Amino acid sequence: MSVPHFPTSDTASARLVANRVLVTLLGAGLLAAWLLPFATMSPNRLASGQTVGLSEALSDWQVIALLALSAALAVAALRRPLPRELAHGVILLASLGLLLVTLYSLGDFAQRTLVEKSPSARVSQGSAFWVMVFCCALAAIDAFQRASSGWLLRLGYMLIAGGSVAMLFASGHFDDLSIMREYANIRDNFSDQFITHLVFVGSALGPALLIGVPLGLLAHRRVRLQGTLFSVLNFFQTIPSIALFALLVAPLSALGNAFPLLGEWGVKGIGAAPAIIALVMYALLPVVRNTYAGLKGVPPATVEAALGMGMTARQVLWRVEIPLALPVILSGLRIVTVQAIGLTVVAALIGAGGLGAFIFQGLGQYAIDLVLLGAIPTIVLAVIADFTLQMLVVLSKPAGTRR
Amino acid sequence: MIELQGLTKRYGETRVVDDISLTVEQGEFCVLIGPSGCGKSTTLKMINRLISHSEGKVLVGGEDITTLPPERLRRRIGYAIQSIGLFPHWRVADNIATVPKLLKWPSSRIAARVEELLALFQLDDEGLHDKYPHQLSGGQAQRVGVARALAADPDVLLMDEPFGAVDPLTRDTLQAELARVHRQTGKTIVFVTHDMDEALRLASRVALLNAGQLVQYDRPAELLVAPANDFVRDFIGRADLGLKLLSRRRVEEYCRPAQRTRNNAIASAPITWQVDANDRPMALLGGRLGEPETARTVVNPEWTATPEMSMKEALSRMVWFRVTALPVLDGEGRLLGEVTMSGVMGHRS
C-alpha cells in the first residue's frame, strides 16, 4: 500500500518534508510545552492557583524521553531517510510514547509535590498538557489515514493505547491529581450517573432502531410516503434539543397526573421519560435516512435476480437487501450513537441525570474538575462508540472489500 | 415445453406485449429479438412471473403457470441476467448454490452439484470457488451467472441479455460456451438479445418482435432467406446477409482434405501444406493472390482455423491475411484439412 502522492509546490521544504501535518503538530506541541503552563497548584479545591512550567514539573529522564520521542517524530516527518511505511510505524509508536510520558509525568509531579503540602492542596493539569495530549492523538490519527491501514491494526493500536492509559489509572498513579480527588469524593455517585448515561443511550437506540429501520424500509417500498415521512423527521431534527426537552415536560406531566399508573411507571414531566423520548426523536432521522439509502443502494438487478431465482419477498429482504444495506444502516447507527451520547448530557437539565449532571453542577459551583469529570468520560464514550461502530461498518461489508 | 397463448401485457391503455402466441419445443434455443421497447424482455419475464400478464396464458411443461405459487415456479426455471445480478456478498460457490439451497437440498448434494457446474464452465481450476463476484473478470462472472441458473437442473432456462455488458472478445467465447452447454445438456432456452449476430449464432429459432407484436418466428436460415416483410429485412440488415449466413456455419462443414508435403517440392495441387514430422503445418505453398504459385508463406497462428470456428471468422481471416486457404487444426495443432476461398462459395445454405 503506498501513500497517495499529491503534487506539491516544488519548494525546498516540500522536497525535504513528507508530512507537513506532523511538523505542524510537533511545532504546536513543543511551543505549548515551552510557553504554556504544564500544571497548576492551588491551596484548595476552589481557589485559583499558581502555574508550573514543563521544565519545573518534569524530572530529568521525563524531559529526555519527551525530547527523544519528539526527535523521532521530526525524523519521521522528513522525506528521507525513513521509507514511508516505516515512518508511519515510527509516528504511531512515538506519539503513543509521548502521550504516555506526558500522562505519567503529570501524575508523577502531583505525587512528588503533594507529599510536603497540606491535604487540601490541589495539583491540576495546565493548558500545555491538553495541547500535548491533543497533538499526540491527532498525529496518530493522521498516521493511520496516511498509511491507509487495515482495521485489525487500528483495533490493536486502540486496545494497546486504551489499555495502557487504563492501567495508569488503575494503578492509582493519578490519585493525587485534583480531578481524581474530586472523583474520589463522588465515586459512588459517579458510577451511578455513568450507568444512567449508558442506559439512556441504550434505551434511545433500541426504540430508534426498532422504529427507524421499518420506517426506512417503508420509505423504500412506498415511494409516496417518503416526502411526508422525511419532512416530519427533518422537523424533529431542527428543534433545538433544550427546546424539545422543555416542550415534552408539559404533556408528559399531564399524562402522568391523569393516569397515576403511568406516573408510577416513570412517565413524568421531568426525568427519564422526556429525555428518552427526545433522544429517540432525534435518532429517528439518521436511522430512517440511512436505512432508506442503504436499501436504495442495492442494485435493482440483484433484487431481480433474487426474485427470479425463486426467493420469497421475505427471503430477498433478509438474505440480500438487509446484508447489502447493512454497512450504510450501521453508519446511521454510528451517527446516532455519538449524537445520543452528547445529547444525554443536555438531558441532565430536565433532571434526568447522567454525566451531564456533573457538568452543570460543576458550572454552578465554578468547580472545573467536576465539569471535567462529566466532560471527559462523555468524550471517551463517544470516541469508543464511534470507533467500535466504525469497525462494525467495516466488518459488515462483503469480505474482500474491507479495508 | 413452453407455450405462449395470446400473451398480452397492458400498462393502462398501452399494450407493451400484444397477443403473442408461440411454442418453444423441448431442447429448443429460442431467441427473442427486436428493437428497444419491443416487449422482448417483458415477454421473457412473464414466463417466470417476474411480470404478471394481463391476458392470455403461459404453459410451462403443459402446466398453466398461474396454478403454482410464483416462488415454486421460479425455482423450477433457471434465470440468468447480466453479471451485476450476482449476489456481491456471497462467494462464487454460494451464488451457484442459491436455488438448491432454496429447495433445501442436502449439503453434500449441493457441494457436488457446485463442483460439477464449475467443471462444466471450466471455472474449476482457478480457485474461484471461494472468490467474491467483484474479484472475478467479466467473463468469469457471466459464467457463474449461467452456472447459477443451471444449478437446480431446471428444464427451462431464461436468459435476459446475459452477455450485454461484456467486451466483444469475451462475448464471443461465452457464446461458444453457451452453445456447447446447450448441446451437452439439451435444455430448453429462451434468450433475449438485441444483437442479431448473437441471435443468428445461438438460436435454433428466432422470434422477432416489434412494438409488442410477433413479426416472425422461424429458423434463423428461414429468417435470412425468407423474411416475412420489410421490417424483418431491415432489422436483419440487407447489406451483409451473406456474411450473416456464414456466421451460422462452422468451419467443419466446409473443411476438405488438404494436400500435404514434407519438403519444399510443389505438388500437383495449387495449394499444398508443408507439414513437420508431427503433421503440424509449417508453410503454405502457393495460395497467395497475385503471387507466383511457388511462393512459400510461413503459417502464422493468426491465420489458422478450428472446426468450431464460424465460417464468417474464417473468411475474415483469409481476407485480412490475403491467403486463399486456411489450415484447419485439431486441438494439438495437427492439420485436419483446409478451408479455401472457393470452398466458401461452393456450399449451399
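Each Cβ is built from the backbone N, Cα and C atoms, and glycine gets one as well.
Over in TrEMBL, the protein carries these features:
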- A:21-41: transmembrane segment (TRANSMEM)
- A:61-78: transmembrane segment (TRANSMEM)
- A:90-107: transmembrane segment (TRANSMEM)
- A:127-144: transmembrane segment (TRANSMEM)
- A:151-174: transmembrane segment (TRANSMEM)
- A:194-217: transmembrane segment (TRANSMEM)
- A:194-389: domain 'ABC transmembrane type-1' (DOMAIN)
- A:229-250: transmembrane segment (TRANSMEM)
- A:270-288: transmembrane segment (TRANSMEM)
- A:340-360: transmembrane segment (TRANSMEM)
- A:366-395: transmembrane segment (TRANSMEM)
Near the transmembrane segment (A:127-144) in space but 6 or more residues beyond its ends, with Cβ under 8 Å, are 19, 21-22, 25-26, 28-29, 32-33, 35-39, 53-54, 73, 88, 91-92, 95-96, 98-99, 102-103, 106, 154, 157, 161
Grab the same-chain neighbours of the transmembrane segment (A:229-250) for me: Cβ-Cβ under 8 Å, and only residues 6 or more beyond its ends, written as numbers and ranges. 215, 218-219, 269-270, 273-275, 277-278, 281-282, 284-285, 288-289, 343, 346-347, 349-350
Using a threshold of three or more Cβ pairs below 8 Å, and leaving out pairs closer than 6 in sequence, do the transmembrane segment (A:270-288) and the transmembrane segment (A:366-395) count as in contact? no
Who are the chain neighbours of the transmembrane segment (A:340-360) in space, where the CB to CB distance is under 8 Å and they lie at least 6 residues beyond its ends? 186, 190, 192-194, 196-197, 200-201, 204-205, 241-242, 245-246, 249, 270-272, 274-275, 278-279, 282-283, 370-371, 373-375, 377-378, 381-382, 385
